[in-house]
């Protein structure tokens, strides 16, 4: 017999597969004394005596010898997650002893990932801007940003929130300040499958939660303050057949510990209303099949600590609206395979040309040379 919330027709509703071998049930025989057609109305829970010995060969026992599970003999049949650890705990073992919660606490990502003596050394690092003042061991010449942007250059990380009650410190017992009561019986409603999948609806005041857990450790939890934690212990796939819109009103941290490939089949538009920091620890390669157009409204400064090679396949034009200064610390060689034309001044406006040589000054012409003043 199924509740009226289940259609019990053509697979619609909840399947009547919750009972396991060894469950005590309540019902009647619809064929009377023949007792061949049982109708089960419900199941009866209880507490198995701690000295109980399983005997699959006798009645009122699981013929497969699985239930009750050995580690739960002597406990009430109420799920540990539902027993609570607040004012009214039920039984000696409670939700803190539940397998799903213990696994989540043990595998929580926390601690500085780059510091060996941190709590677990499995935290998640945040991206940081490149230090161009020489902080990477090279003679940088560009000042870092100050003020609110100074934090972009610091090494920082973030921790996975604590299960159930939130809190993102390294401590496993420092929860959200808004949580005044830990989970209490009978407000946490639990559904668990034989293999260990779990669903929770916790109505404990100030600790209200929704939780869905897979036996492998993948879970989704909406915590008391409305925060959502999703953790996938294997691969994650998301497919959107049409459009998708995302708005993040706060800060976004994205860390990819392996390779990342992004393919845009059409145009890409990026608008940055603040500063744009790009920090590449190794090589950076850019290939553009069409044109590249860059407009810098104010100043530009570029530092190349070693060699700089520029190849232009055709013409190059560099208009300079004011002065130009070139300082070469060593030698300068110029090779022009055809003509050179230099004009100093424009029209009637004279333009001076001054050359100063501290050593020898040589001019050599294979053909004729003309100087006109």
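Heads up, residue numbers simply count up from 1 along the chain you see.
In case you wondered, yes, glycine gets a Cβ from its N, Cα and C as well.
Here is what TrEMBL records for this protein:
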type	residues	note
DOMAIN	1-113	domain 'Protein Gp5 N-terminal OB-fold'
REGION	46-67	region 'Disordered'
COMPBIAS	47-56	compositional bias 'Basic and acidic residues'
REGION	87-148	region 'Disordered'
DOMAIN	268-339	domain 'Gp5/Type VI secretion system Vgr C-terminal trimerisation'
Residues from the same chain, set at least six apart from the ends of the region 'Disordered' (46-67), whose C-beta lies under 8 A from its own: 20-24, 73-77
Per-residue pLDDT averaged over the domain 'Protein Gp5 N-terminal OB-fold' (1-113), given as an integer: 85
Tally of DSSP helical, extended and coil residues in the compositional bias 'Basic and acidic residues' (47-56): 0 helix, 1 strand, 9 coil
Three-state composition of the domain 'Gp5/Type VI secretion system Vgr C-terminal trimerisation' (268-339), taking helix and strand from DSSP: 0 helix, 0 strand, 72 coil
Residue distribution over DSSP helix, strand and coil in the domain 'Protein Gp5 N-terminal OB-fold' (1-113): 21 helix, 18 strand, 74 coil
